[in-house]
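Database features, via Swiss-Prot:
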- 11-31: transmembrane segment (TRANSMEM)
- 52-72: transmembrane segment (TRANSMEM)
- 106-126: transmembrane segment (TRANSMEM)
- 141-161: transmembrane segment (TRANSMEM)
- 193-213: transmembrane segment (TRANSMEM)
- 248-268: transmembrane segment (TRANSMEM)
- 329-349: transmembrane segment (TRANSMEM)
- 357-377: transmembrane segment (TRANSMEM)
- 385-405: transmembrane segment (TRANSMEM)
- 429-449: transmembrane segment (TRANSMEM)
- 462-484: transmembrane segment (TRANSMEM)
- 500-520: transmembrane segment (TRANSMEM)
Amino acid sequence: MNFQIADFTRLIPEFLLLAIAAMVLLGDVLTRWSKGKEALNDRTEEAISMTLMGLGLAFVMVLIQGGFFSWMQFGDWKFYDFSIFQNLRSSGLDGSILGGAFVVDPLTHIGRLVFIGAAFVTVILTSKAKPSNNPAEFYALILFATLGMIFMTAGGELIMIYLGIELTSIPLYVLAGYFRRNPVSTEAGAKYYIFGALSSAILLFGMSLLLGLTLMNGQTMTTTPTSLRSVATAVELAFANPEGPSQGVAILALLFILAGMAYKVAIVPFHAWSPDVYQGAPTSMTAFISTASKTAGFFLLYRVLVTGFGAPSILGTAAIGTSTSFGGWTSLIAILAALTMLVGNLAALPQTNAKRMLAYSSIAQAGFLMLGLVGTQRDSGISLLMYLIAYTVTNLSAFGILALVEDAVGGTDFSNLNGLGRRAPGLALLLTVAILSLAGIPPLSGFFVKFYVFIAAWQEGAKWLVIFAVSNTVISLYYYLRFLKAVYFAPAETDEPIKVGFGPGIVMTAITLLIFGLGIVPTWLYGVLEQATIRIAAQ
């Protein structure tokens with residue numbers, strides 16, 4: 001793995017996140033000698049400010065580096081023009097650096113923006129429910145997890161992918177159980193760690209099989225044996241010779257990798273950890289885990305499946321871009337998608353806790369997301385990426401508002417939401433928009449991305465799955481509407497107004513406007529996502 005000077009400039013956002021995390025920790029060390037509650041508050045505010053500043057700077061750097069800004073000439077003046085229709089080219093034709101281990105392509109830029117944005121919102125949400133001790137470690141862990149998610153999305157070879165998964169997972173295990181005086185939070189962290197460690201072991205075993213497959217097929221002569229390109233060549237050779245043992249190894253490796261990743265994104269039957277962890281973790285961290293972490297998992301799954309296992313000979317179908325590609329492992333994805341939608345929706349129906357219900361809702365949403373993986377056509381990839389972005393924004397809004405309600409009333413049961421429409425009309429309106437978007441009600445983003453993913457899956461030939469998904473959408477309306485019943489029609493124990501801080505209120509309002517924007521004018525995102533799918537299909 002060769003590191004060149006040009007690679008440094010392409011990794012500036014990652015170096016920024018690492019530097020800010022180090023500065024947050026160092027700054028806390030220099031002020032830790034101060035005692036008392038006031039000194040702790042000062043340390044926390046400093047950590048929050050530095051983290052937000054670093055995330056904001058990294059976000060702007062990604063915009064500039066990704067080609068979202070371009071110089072425009074106006075007479076004798078030059079100025080920056082914000083343009084998201086640029087063809088993102090920041091790392092050459094093949095988009096890979098560090099010997100192909102890190103891929104800088106449109107998908108990486110999109111992932112950077114999504115993860116950094118989600119981390120920024122999460123830090124804002126924690127500004128009221130601050131950690132009671134060691135604040136610097138808390139916010140540094142958020143930065144490290146964000147960095148790991150970027151590595152997951154940009155990983156072009158198996159070792160980098162695994163390092164990204166662990167760099168994401170380990171900080172999240174700690175953050176889920178960070179409030180040690182709360183036994184529910186501690187239990188959530190322990191369960192998350194146990195299930196996560198098991199999934200990492202399963203995933204690592206699948207990767208070891210892929211490494212053996214590439215070595216078995218002699219792929220070390222021209223490329224790194226752990227690169228996804230080597231994996232793709234070795235798997236294609238294995239399927240070209242069905243009489244040999246290589247095909248069985250390739251299938252077994254794929255099954256282990258799917259199982260390991262299914263744990264990470266809570267796909268049935270590997271979903272059991274999700275409700276307990278989501279309910280027990282601090283609500284602000286639940287928002288981060290359920291959105292950014294799951295999105296990173298799906299980004300990784302998309303890259304690995306399309307790049308490593310997307311050859312027509314593996315699918316047993318026509319070439320990409322010429323006909324449907326529904327077959328082979330995509331049939332397994334379709335079955336898992338159907339099970340995930342059904343189990344998630346049915347389990348959500350009897351829930352009395354809003355966080356736990358949204359946890360099962362997130363499982364069902366993972367099933368809908370998997371419709372974008374039932375084929376390798378370009379439209380399937382675009383619909384998946386659009387759904388992921390809309391899901392991240394919407395779920396972040398829903399859990400974020402629950403975090404604000406919990407700070408005010410001390411719980412997240414449906415009884416705690418009773419009368420919210422009278423106690424905090426603005427907050428109730430924002431929650432309503434998020435819930436209706438999750439339910440797929442037009443003109444919100446949730447409706448349009450579901451429509452796109454249904455159309456793409458139908459074109460791939462998975463007609464039965466689309467019909468099943470539409471039926472599950474109808475089922476989900478029941479438990480989503482329970483939110484509105486509690487917010488607007490259930491009597492509250494008190495009519496005391498709920499006050500929300502200026503910062504969290506502005507951020508939640510901005511996210512709600514984005515939910516509308518992605519729904520009313522979804523085409524503005526299409527061009528960037530199209531470039532992402534083109535580059536991945538070409539790798």
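Quick reminder: no glycine exception, Cβ is built from N, Cα and C everywhere.
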Query: Do any residues of this chain, six or more beyond the ends of the transmembrane segment (462-484), have a C-beta under 8 angstroms from a C-beta of it, and if so which?
result: 326, 330, 334, 337-338, 341-342, 345-346, 348-349, 351, 354, 357, 361, 364, 367-368, 371, 374-375, 414, 417, 431-432, 435-436, 438-440, 450, 454
Query: Which residues, given as numbers and ranges, are at least 6 beyond the ends of the transmembrane segment (248-268) yet have a Cβ under 8 Å from it?
result: 165, 169, 195-196, 198-200, 202-207, 209-210, 212-213, 216, 234-235, 238-239, 274, 293-294, 297-298, 300-301, 304, 309, 329, 332, 336, 339-340, 343-344, 362-363, 366-367, 370
Task: Quickly jot the same-chain residues contacting the transmembrane segment (11-31) by Cβ under 8 Å, restricted to those at least six beyond its ends, or write none.
output: 39, 42-43, 46-47, 50-51, 53-55, 57-58, 61-62, 65, 97, 102, 112, 116, 134-137, 139-140, 143-144, 146-147, 150-151
- prompt: What stretch in 141-161, 193-213, 357-377, 385-405, 429-449 has the biggest tally of Cβ pairs under 8 Å against the transmembrane segment (500-520)?
  reply: 429-449
Listed stretch, out of 141-161, 193-213, 385-405, 429-449, that has the most CB pairs under 8 angstroms to the transmembrane segment (357-377): 385-405
Statement: With the cut-off at Cβ under 8 Å and a gap of six or more residues from its ends, the chain residues touching the transmembrane segment (193-213) are 158, 161-162, 165-166, 169, 172-173, 177, 225-226, 231, 234-235, 238, 246, 249-250, 252-257, 259-264, 270, 272-273, 308
